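Since the structure comes first, as structure tokens, the remarks are kept for the end.
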Amino acid sequence: MKSLQNKNNKILYILSLIASLFILCSCEPNQEPKITLGDSFWYWEADAGSTPGDAMKHFADFKKLEDKSTSNLLNVLGPGSRYVWVMAQFEIPEYFRNQPLGLVIPYLRFAGQVYCNGSFISQYGNFPPNEQSTLFKAHFFSFPLNVLKQEGQNTILIKIYAQGKSGISSHSFIQPARFAYPAFEVINFHHTKIYMPLTGSLLLTFILYMCFYLSAKDFREFKDFAFLNIFTAMFVLIFFATELPVYTGGIIPFLLFTKFTLCIPVYFMVYFATAFAVDFHHKSFSLPLRIFRISILTFQTLLTAGIPSYNGLIKIAPYMLALLFIQILTAIIYIIKLFIKKERRAQTLYFILAMIPFITASLIDVIARKSDESEVYPYYSIFGWSVTTIIFIIMLAIRFSRTYKRNQRLTNHLQEEVDSRTSELKTANDRLNDLNEQLEKDKKRLVTDLEMASIVQKNFFSHPAQNLKNWDINTWYEPLSKVSGDFYDYFTYNNVLNGLSIFDVSGHGLSASLVTMLSKNIISGVFQKGFRNKVPASKILSEINTLIIKEKGDIQNYMTGLLCRFNEDRRGGFCRAELGNAGHPYPLKYSAENKEIYELKGNDGKDHYGAIGMSGIQVSFAQSNFTMKDGDILVLFTDGISELNNSKGEQYGTGDLMQIVRQNSNKTSAEILSIIKDHVKDFTKDSKIDDDITVIIAKRDSSFKAQQTESEELLEEL
């Protein structure tokens, strides 16, 4: 609660600072006298070729422009493309005489030419065929002394190309040029230039969070947030486009510029904003809903890109807005569902709190424009969104910082974290039977713990050195869920492979993973001691069985496994191998000399029975003695692959494995493993894999020299 209060205080401080800046920027430029023209505008609809002379001939046809809204020309002329002359007459008061005057029009759209007493003054925007809108820019026209009548009526004629939301501001005025131009600059700043700094900050935010995402791809919200900012930056360009040479110089046509600033970026903004709303909660849309959302985005983009005219964009606008509302509605429904769930409510409240500035500013936009349709206000919602963006930047930074610090602790104190987690998991497992009902309620809370356990367990497994003498080894390890019951180990000394092991704990999930971590140290310690004392592999397994039964206590899981020890022949070229089998699927050995592959079922002449970790049950573990010569291949695997079933109910077995190894014996272990993976994928393409899969390919190769590479995958995951 105290942390939330501190965050709220920071947010209020930022909002207060931004509000202060707005107040400073909203000051009136000057209080000098002015001639207001809003009540003296008259209009006459004409054609493209009409001149000021034509306008004066039709003086009697001019109509009073009563409408004071910013869309007054659209309201009186109707939709479509039109040419209209707007006229205003004024007399120069005595205190304005004998000095240049300036006409300030805060808003004029689409394009306009201004004449004073029949003399051409200036033009903003372009008429067809290369039409170019003045967009949100204010207009300033300077009237020199030689065109003004110091006494009597002065006539201003403005030829306007009206298209879309066209209009002329009823707040237009005339002042001496020395006062009018600074007033124009202030108005133009509020209409256009005020948005320019936002684009830079949005672009920097995009770069920053895209870099964050590329370094931590599990944070999908970083990607959404980055793209949301870049498309918002593209959208904001439209507000100050008239300050950009690329637009005013006609390098980019008006229609194309409008499509790729005012239209298409909005579609992507809404798409990534709604995706961010869901990914922020570490949830995701269902596959059908993702396809539906992408289909809407694609349809909007292609349709807008193909529209041949500006009027066409105006006609499809209501339909595009409806599709945007559907996109927004999917996120709103999702957030409501998350808010209903008590365990997600706090995170959802943070999200809603961050959106308050944008929602508030949007309401201010609506209220301001509805209360006074004649005034051109800045779009407060854009600045509200900027505040919301800052809040999200803080939230995401805190989230990333916490994750980084936690993972840093794991990196620096891995063994300590492993011991702590193992203790917690053991305690939880001892109480499992009493907490079954409570476990269901806590299931979602444990998702994070499961992720951590998965990272810890994977890092617990050793990886074969890339420069083992006479060996080319690779492993395929694919757990069914976050944590696995399969585990393996390599025993090496000075780049010499002394042995390897593979074990499969019964069951799945936490209890199985607990046994894997509990057993690994026991197996490693017993093997190293047995290797030094030349104890047979089957007896090493028996000692491991005794210790694991003692250490695991009431845990019901048992396990099967293979333990192989190698003794390099001093004459070189081959090694002697002993392989102990504790109820595990028979491993395969390919003989390069005979071009045959067969199962190692034990050749010690004893009966074989039992598995590891079953208290009160006698065991007799099989042992196979054999040699590994150059080109021989040893294949160890768990029943996750041999008992794999496809959609037809057929079992994978070992036949295909034997065939793949035999046919590809001349390839490296990595290549053989890749072929096995592809074959298994094809075999199960229409069915689910329901067990952990582990396969080890150990090829005897006296000439093998692998590249020195280090797997950084687990460190990145941490």
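A Cβ is built for glycine as well, from the same backbone N, Cα and C atoms used for every other residue.
For reference, TrEMBL has these:
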- 194-214: transmembrane segment (TRANSMEM)
- 226-248: transmembrane segment (TRANSMEM)
- 254-278: transmembrane segment (TRANSMEM)
- 290-310: transmembrane segment (TRANSMEM)
- 316-336: transmembrane segment (TRANSMEM)
- 348-368: transmembrane segment (TRANSMEM)
- 380-400: transmembrane segment (TRANSMEM)
- 418-449: coiled coil (COILED)
- 468-700: domain 'PPM-type phosphatase' (DOMAIN)
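Cβ atoms under 8 Å from those of the transmembrane segment (348-368) belong to residues 8, 11, 15, 277, 280-281, 335, 338-339, 375, 377, 379-385, 387-388, 391-392, 395 of the same chain, restricted to positions at least 6 beyond its ends.
In this chain, the transmembrane segment (380-400) touches the transmembrane segment (194-214); three or more CB pairs sit within less than 8 A of each other, excluding pairs fewer than 6 residues apart.
Counting same-chain residues at least six beyond the ends of the transmembrane segment (226-248), those with a Cβ under 8 angstroms from any Cβ of the stretch are 132, 134-137, 191-193, 195-196, 198-199, 202-203, 205-210, 212-213, 257-258, 260-262, 265-266, 268-269, 272-273, 276, 379, 382, 385, 389.
Packing against the transmembrane segment (316-336) from elsewhere in the chain are residues 263, 266-267, 270-271, 273-275, 277-278, 281, 283, 285, 289, 293, 296-297, 299-300, 303-304, 307, 348, 351-352: each is 6 or more residues past its ends and has a CB under 8 Å from a CB in it.
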